[in-house]
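Student: Under the heading NADP(+) binding site, TrEMBL lists Gly166, Arg167, Ser168, Ile232. Residues or ranges marked as domain 'Tetrahydrofolate dehydrogenase/cyclohydrolase catalytic' in TrEMBL: 6-121. Per TrEMBL, the feature domain 'Tetrahydrofolate dehydrogenase/cyclohydrolase NAD(P)-binding' maps to 140-284.
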Amino acid sequence: MAANIIDGKAFAATVREKVAGHVARLKEEHGITPGLAVVLVGEDPASQVYVRSKGKQTVEVGMNSYEHKLDAATSEADLLAVVDQLNNDPNVHGILVQLPLPGHLNEDLIINSIAPEKDVDGFHISNVGLLGTGQKSMVPCTPLGCLMMLRDYHGSLSGMDAVVIGRSNIVGKPMAQLLLGDSCTVTIAHSRTKDLPEVVRRADIVVAAVGRPEMVPGDWIKEGATVIDVGINRIERDGKNKLVGDVDFASCAERAGAITPVPGGVGPMTIACLLANTVTACCRANGLAEPEGLTA
Ligand code: GUN
C-alpha cells in the first residue's frame, strides 16, 4: 500500500487563513488586535530562527508581535520582571518564553510565572492540570497540530489504538492526553519500553516524538496505520545536510495508510497553532466566543 501523504504545510496555511479571518473580525467588530509577545534570552541560533519566523507569521495574520530580546546573562529577577510586565499588559494576549533558557535560569519557575490564560505554549502547570482533567486550557502547539491533522484525516478517533513514542512534557505527555480526550486507547512508549516493535505494531495511530533520526522502521507499522512524525533531525548523508524525522519515511510509507513527511508535516503546524492559541486567548480575555476548529 502506498500511504496518503498528510500535507502539514497546506494544512497550516488553512489554519493561518482561519486565524487571519478571526483577527480581521476582532478588529472590525470589536476594535481589538490580538497581540503575541515572544521573549528570547541569549543568542541560540536555532531559537533566533524560530523567533524570527514566529514574529513574521504573527504579523502576516494581522496580529501585533512584540519581541523582547534579552542578554544571555539576564538575571532570573529581571526575566521575571519582563514576564510580569507582559502579564499586566492588556495589549498582550499571548506570551511565549523561547526554550531552552540559559542554564542559570530555572525554566519551570519562569514558565509558571506566565499568567495561565496568556500561556499560549500550554506549558504552565495550571494548563497541564486542566488538560489532564479534560477542562478548557491552553494546549501545547505541536500536539494540537497533530490532533488537528488526525481529526481532519479520520473524522472521529474514538476507539482507535494510539501509541505515542516519547514522554516529553512538550509533546509526548500532552499528545497522549489529547488522544485520550478523543477516546483513543493510548499507550505512551519510551526508551525503557519492553518490546517496542510489538507495542508499535498494535497501533492504528503512531505518533513518534523522540528526536532520534529514523528510529522507527517500516516493519513496526501495522498495515494501514496513520503515522505522525514529530521529529526534526538534521543529519549528514552522502556529504549533504538533510532533515529527517523519527520514522524511516520510505519503509513506513509502504505500510502506513497515511503519513506526515519531514519536512512539510508536523513542523509548519506548530507555529500555525501558536497563532490559533493567541486568537483563542484573545477571545477568552474579552469574553467573546472562541473560534471553532482551532482548539482541542
Ligand atoms: N523551543 C522549541 N520549541 C519550542 C516551543 O514550542 N515553545 C517554546 N517556548 N520554546 C520552544
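Any Cβ shown, glycine's included, is placed from N, Cα and C.
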Student: Which residues of the same chain, at least 6 positions away in sequence, have a Cβ lying under 8 Å from the Cβ of Arg167 (NADP(+) binding site)?
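Tutor: Spatial neighbours, sequence-distant, of Arg167 (NADP(+) binding site): Lys173, Ile188, His190.
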Student: For Ser168 (NADP(+) binding site), which residues in the same chain are close in space, meaning a Cβ under 8 Å from its Cβ, but six or more apart along the sequence?
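Tutor: Set apart from Ser168 (NADP(+) binding site) by at least 6 residues yet with Cβ under 8 Å, we have Ala209.
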Student: List, in sequence order, the same-chain residues at least six positions removed whose CB sits under 8 Å from that of Ile232 (NADP(+) binding site)?
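Tutor: Residues satisfying the criterion: Leu243, Gly245, Val262, Pro263, Gly267.
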Student: If you skip the near sequence neighbours and keep only those at least six away, which residues in the chain come within under 8 angstroms of Gly166 (NADP(+) binding site), Cβ to Cβ?
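Tutor: Within the chain, Gly166 (NADP(+) binding site) has Cβ neighbours under 8 Å at Gly172, Ile188, Ala189, His190, Val207, Ala208, Ala209, Val210, Gly211, Val230, Asp246.
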Student: Just give the helix, strand and coil counts over the domain 'Tetrahydrofolate dehydrogenase/cyclohydrolase NAD(P)-binding' (140-284), going by DSSP.
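Tutor: Helix (H, G, I), strand (E, B), coil: 59 helix, 32 strand, 54 coil.
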Student: State the mean pLDDT for the domain 'Tetrahydrofolate dehydrogenase/cyclohydrolase NAD(P)-binding' (140-284).
Tutor: 98
Student: Among Gly166, Arg167, Ser168, Ile232, listed as contacts of NADP(+), what is the widest Cα spread in Å, to the nearest whole number?
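Tutor: About 16 Å separates the two most distant Cα atoms.
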Student: Helix, strand, coil residue numbers for the domain 'Tetrahydrofolate dehydrogenase/cyclohydrolase catalytic' (6-121) per DSSP?
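Tutor: Taking the domain 'Tetrahydrofolate dehydrogenase/cyclohydrolase catalytic' (6-121) as a whole: 59 helix, 19 strand, 38 coil.
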